[in-house]
């Protein structure tokens, strides 16, 4: 219920993305309207304020709509509107990806644990068809790109780290037997919005995903996004997110939320990557430098970034879910944290380097 489609009431975020207006006074921008549950519906908002509703969330009390400055001003005065925020841009956490053996994945594989039965939603630029990947399904929340096919490469790269097939070609993913779902929330340029990400989370909830990988981020917080994250957590989904690539303190959203495992990146020596954002929200670390994985055009490329570290953790989460099917999202999270290898300062490395072998014992 956070961003775009179906929800109820008013509140949250302003558009972030484009908007070529006609008359300045009539220019419309996208906002996320957070409302009082049961008090306001998209229909009542349309009728009372004559606004263009794009989406009403089902799981959270948020309406995604286009508003003029005059409409925005009126809505802010509505006592049933808790917040209104711009539908801010969300971008890829990437620089320019090795780490399967580094996190001791082979120990899990040697025990016959490959991720069978775990469902992982990759919220990204989509996933391209590739001989080293098996896509179980998906959806697109980019209006100009109705297919979940990846036209960028980032999502395909992330997907390969999670679950590239054990088929003797290309690369091997952390959980090669996990079910991958391509949820496109970023366009061909690697840009999306708070609304598209919230819709992707909502899709994951409605389609019973176990794990959500979010190798993306925004520097600004969002009531809508936080609502969606909390709803997914309550639905039993483990969310994993990229900390960011600024090299400075200040973890990106949604990774900064307590409902998301914030992932930092380390190099081949187990040292924090120079670009890896740090702060008290960091929960776990994983390989994120020169990571080789699947890419568009049936290719393989090496990329670096916390975007590349995050799917290592999502993959280990899939292995744990496969090893312990009855585990809740919180139990999986606790297992990963308790079995990590200590690396140093928690603000840099969190609980340490994720360890697939110990996590699946």
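Cβ coordinates are placed from backbone N, Cα and C, and glycine is handled just like the others.
Annotated features in Swiss-Prot:
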type	residues	note
SIGNAL	1-24	signal peptide
BINDING	94, 132, 165, 167, 169, 171	Ca(2+) 1 binding site
DOMAIN	97-360	domain 'Peptidase S8'
ACT_SITE	124	active site, charge relay system
ACT_SITE	154	active site, charge relay system
BINDING	255, 257, 260	Ca(2+) 2 binding site
ACT_SITE	307	active site, charge relay system
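Positions of the features from Swiss-Prot, shown on the structure.
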residue: 124; record: active site, charge relay system; CB count, 10 Å: 30
residue: 132; record: Ca(2+) 1 binding site; CB count, 10 Å: 23
residue: 154; record: active site, charge relay system; CB count, 10 Å: 26
residue: 165; record: Ca(2+) 1 binding site; CB count, 10 Å: 20
residue: 169; record: Ca(2+) 1 binding site; CB count, 10 Å: 11
residue: 171; record: Ca(2+) 1 binding site; CB count, 10 Å: 18
residue: 255; record: Ca(2+) 2 binding site; CB count, 10 Å: 31
residue: 257; record: Ca(2+) 2 binding site; CB count, 10 Å: 20
residue: 260; record: Ca(2+) 2 binding site; CB count, 10 Å: 26
residue: 307; record: active site, charge relay system; CB count, 10 Å: 34
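The record gives 255, 257, 260 for Ca(2+) 2. Within 8 Å of the mean position of their Cβ atoms, the other Cβ atoms in that chain belong to 214, 229, 239, 241, 251, 253, 254, 256, 258, 259, 261, 262, 281.
Secondary structure at residue 167 (Ca(2+) 1 binding site), taken from DSSP and collapsed to helix, strand or coil, is coil. A gap of 27 Å separates the Cα atoms of residue 260 (Ca(2+) 2 binding site) and residue 165 (Ca(2+) 1 binding site). Of the candidate recorded positions, 124, 165, 169, 171, the one lying closest to residue 255 (Ca(2+) 2 binding site) when CA atoms are compared is 124. Using Cα positions, the member of the recorded positions 124, 154, 169 nearest to residue 257 (Ca(2+) 2 binding site) is identified as 124. Annotation note: residue 124 (active site, charge relay system) sits in a strand segment as assigned by DSSP.
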